[in-house]
Amino acid sequence: MPVSETTDRQASNGGDGPALPINELFYSLQGEGKLAGTPSVFVRTSGCNLRCWFCDSYHTSWEPTHATMSVDDIIAEVQSYEHADHVVLTGGEPLLHDDAVVLLDRLAALGYHTTVETNGTIHRDAPIDLASVSPKLASSTPTAETDPKGDGEWAARHDARRIDVATLGALADDYDTQLKFVVTDPSDMPEIESLLAEIRTATDTRIGDEDVVLMPEGTTHAELDARRNEVATLAMEHGYRYTPRLHVALWNDAPET
């Protein structure tokens, strides 16, 4: 079950020590990107500085829910999954939280391989093995027509915040990085190409086409079926990687997958 449904918000806080707002903590397979198929513990924080209309973790952004868990308790829960040595810190936007660095430091000291899934608008100095950076394209903006709450109130804020080229460049300079783009349809490609050119100019690190990942938007079998082949074709045409959403293919839209 999601942590927020099983843990008292204050009881797990551990006093004044480092803690994070945790929406879910579970064991599954990494479903996306270079490490797809890897057994992983997912630590999902709540809270985000953006509002993608298609957000697949609605209760970390549009209606955030969480339990406050101490870093000690998070580590204990991670260690209870004995077959996983890979931890995915995700959200929401996990790098919003100062104590994400404390958690990553602790995980590194214990020998875990870590992926941080981020929208690329925040940089922190932390031991991150793979920065899975998903810049948000214009097609993610919650207009009045696509806003799940129906009013488009977040459109201007989201659009103003969604791309920070300097931060994207800094992440690429400091970490092993994959750039993962959520593709809604072929009209996203010109923006992807333009943004890639800007990021490559902003970094001293080579970003190869093999570091660019195209992923179809969708959280159900039906939604992925409608886009999968089209996005795979785009990946081949441009020389980029294609990633499935393996967890959706296996478990549809079930929670904690």
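For all residues, glycine too, the Cβ spot is worked out from N, Cα and C.
Given the structure is predicted, the values throughout are model-derived calculations rather than measurements.
For Leu29, Gln30, Gly31, Arg44, Thr90, the entry in Swiss-Prot reads substrate binding site. The local packing around Leu29 (substrate binding site), expressed as other Cβ atoms within 10 Å of its Cβ over all shown chains, amounts to 18.
According to Swiss-Prot, the feature [4Fe-4S] cluster binding site maps to Cys48, Cys52, Cys55. Around Cys52 ([4Fe-4S] cluster binding site), the same-chain residues six or more apart in sequence whose CB sits under 8 Å from its CB are Ser61, Lys136, Ser140, Pro142, His158, Val182, listed in sequence order.
Under the DSSP three-state reduction, Ser57 (Mg(2+) binding site) is assigned to coil, being neither helix nor strand. The annotation Mg(2+) binding site is assigned in Swiss-Prot to Ser57.
Cβ neighbour count for Gly92 (S-adenosyl-L-methionine binding site) (all protein chains, 10 Å cutoff from its Cβ): 27. Taken residue by residue with DSSP, Gly92 (S-adenosyl-L-methionine binding site) is part of neither helix nor strand, so it is coil. The S-adenosyl-L-methionine binding site annotation in Swiss-Prot covers Gly92 and rests on sequence analysis.
The annotation domain 'Radical SAM core' is assigned in Swiss-Prot to 35-253 on the grounds of sequence analysis.
The region 'Disordered' annotation in Swiss-Prot covers 133-153.
Here the binding residues for substrate are Leu29, Gln30, Gly31, Arg44, Thr90. Their largest Cα to Cα distance works out to 14 Å.
The shortest Cα-Cα distance from Ser57 (Mg(2+) binding site) to any of the binding-site residues (Gln30, Gly31, Cys48, Thr90, Gly92) is found for Gly92. Geometry remark: Gln30 (substrate binding site) versus Gly92 (S-adenosyl-L-methionine binding site), CA distance 17 Å. Taking a C-beta cut-off of under 8 angstroms and a sequence separation of 6 or more, Gly31 (substrate binding site) has the following same-chain neighbours: Pro244, Arg245, Leu246, His247, Val248, Ala249, Leu250, Thr257. For Cys55 ([4Fe-4S] cluster binding site), the nearest of the binding-site residues by C-alpha distance turns out to be Gly92; the candidates were Arg44, Thr90, Gly92.
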